[in-house]
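Undergrad: Dumping what TrEMBL says about this protein:
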type: SIGNAL; residues: 1-22; note: signal peptide
type: TRANSMEM; residues: 12-28; note: transmembrane segment
type: DOMAIN; residues: 15-457; note: domain 'Major facilitator superfamily (MFS) profile'
type: TRANSMEM; residues: 63-82; note: transmembrane segment
type: TRANSMEM; residues: 148-167; note: transmembrane segment
type: TRANSMEM; residues: 179-201; note: transmembrane segment
type: TRANSMEM; residues: 310-331; note: transmembrane segment
type: TRANSMEM; residues: 338-360; note: transmembrane segment
type: TRANSMEM; residues: 366-390; note: transmembrane segment
type: TRANSMEM; residues: 410-428; note: transmembrane segment
type: TRANSMEM; residues: 434-453; note: transmembrane segment
């Protein structure tokens, strides 16, 4: 297959652009049917969508929104079982193609049954992408910039969310089927671009070496390292490090699923637990309540008008988008752990202050609580937005990376489903007191990160294989300065052997004959 004729930084940025395209699609598609974006205008009022689908009640609206998350979870499970065999690149291509099919089903929907099928199919494709793209990105870039590049993917997710929100808000003033068919169909543009982009890129060199494609892997490493030949010492060195890591991971023979429960120096079970934990923690920060249900919170909990609530919901998303740029400069400078702990502390504080202000019950206090929601977005953007997408892909070894990312993605989507389903009735029954619940959750995340999450900043993926060798209940995190349980490893340099001339070979033969 034809590969884009670029190398070095240009190839890394081409891969990053492809991964960002996938997350732009994820953000747009996720926002498309959630109450804070397209569906806040499509479902939430007497409009064209309501007329075309029999004015769905609140239960049906919730099903239309939530069934997508089930599709995403199913897609993640498919990657868990077959993604390693298929490969990173082909899995993303399948995800893009599946989402194009799902979009066609959705845009042409005339019945609720067709709408449900389209939502599930689109969700499955997104599950493929959300499980595979972080792995592909992390395996094709160096440790010094890995954090920033994967965080850029998260930033682009919020750009997609903002596009979906304001496109729907603008089209809510338009009459006719275009009001809902255009924003739903528009995501096919992103999916098509993703398919074309990834088709022109190489697969992960780590996956290629793990599956016996040594020659192709060497060529990809040469492209990423910006060298003309696969015999360059840097290429040989990089391949040697990956092969040594794979050899250590494969000592027990072919992969078996029970390996995911193994402890020992590699600590697969600990790695899987961290993959799952960071995603569960993300969803129970209250981010979904604020980001996806912001207009509902503004209108029902804070007593603002519907139109003002919708506008403020859009402004909330824009604040979130700008805040998401901050980790691009901080994640590889300060590390993953500090950003997570600062983020959780800030989120908990915002919820506490918002609860106090809303308990007062005055309009000025409600506006002050609204300000807390905007500050909440800043703290969310600097830590618990990007790190849960980055951490599972780098904390897992090459042997279980696809499965670790897939199972974390599965739990992520199931938690999205749970929170989106639980929050509206919780707000209806206990009002602002729901903020207290999320304040307690966020306060709990700080010690959990401090004691159990090792720092991965600047480490190459092969170095992270050794991150739990200290052992113990916390895997060596407690007692290690800054959670840094392993240091950079220094492999002996590979010295290229110069080919001998014919005269030298002839001289050696004469010496052997004499002796």
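Cβ coordinates come from backbone N, Cα and C, glycine included.
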Undergrad: Against which stretches of its own chain does the transmembrane segment (310-331) lie, if we need a Cβ under 8 Å and a gap of at least six residues from its ends?
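TA: Sequence-distant neighbours of the transmembrane segment (310-331): 36-37, 40-41, 147-148, 151-152, 154-155, 157-159, 161-162, 165-166, 169, 290-291, 294-295, 298, 304, 339, 370, 373-374, 377-383, 385-387, 390, 457.
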Undergrad: Please identify the stretch among 63-82, 179-201, 366-390, 434-453 with the greatest number of Cβ pairs below 8 Å relative to the transmembrane segment (12-28).
TA: 179-201
Undergrad: With an 8 Å cut-off on Cβ pairs and a sequence gap of 6 or more, do the transmembrane segment (148-167) and the transmembrane segment (366-390) reach 3 or more such pairs?
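TA: Counting Cβ pairs under 8 Å, at least 3, so yes.
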Undergrad: Which sequence positions outside the transmembrane segment (179-201), separated from its termini by at least 6 residues, show Cβ-Cβ distances below 8 Å to it?
TA: 1-4, 11, 14-15, 17-18, 21-22, 24-25, 28-29, 32, 38, 41-42, 47-49, 52, 89, 92-93, 95-97, 99-100, 103-104, 106-107, 122, 125, 129, 160, 164, 167-168, 171-172
Undergrad: Taking contact to mean 3 or more CB pairs closer than 8 A (sequence separation of 6 or more), are the transmembrane segment (63-82) and the transmembrane segment (410-428) in contact?
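TA: Since 3 or more Cβ pairs under 8 Å link them, the transmembrane segment (63-82) and the transmembrane segment (410-428) do come into contact.
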Undergrad: Which range wins on Cβ pairs under 8 Å with the transmembrane segment (434-453): 338-360, 366-390, 410-428?
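TA: Answer is 338-360, with the largest number of Cβ pairs below 8 Å.
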Undergrad: Sequence-remote contacts (6 or more beyond its ends) of the transmembrane segment (366-390), Cβ cut-off under 8 Å?
TA: 134, 138, 146-147, 150-151, 153-155, 158, 278-279, 281-282, 285-287, 290-291, 294, 297-298, 302-304, 312, 315-316, 319-327, 330-331, 336, 339-347, 350-351, 353-354, 357-358, 408, 412, 432
Undergrad: Please compute the mean pLDDT of the model over the domain 'Major facilitator superfamily (MFS) profile' (15-457).
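TA: Mean pLDDT, the domain 'Major facilitator superfamily (MFS) profile' (15-457): 86.
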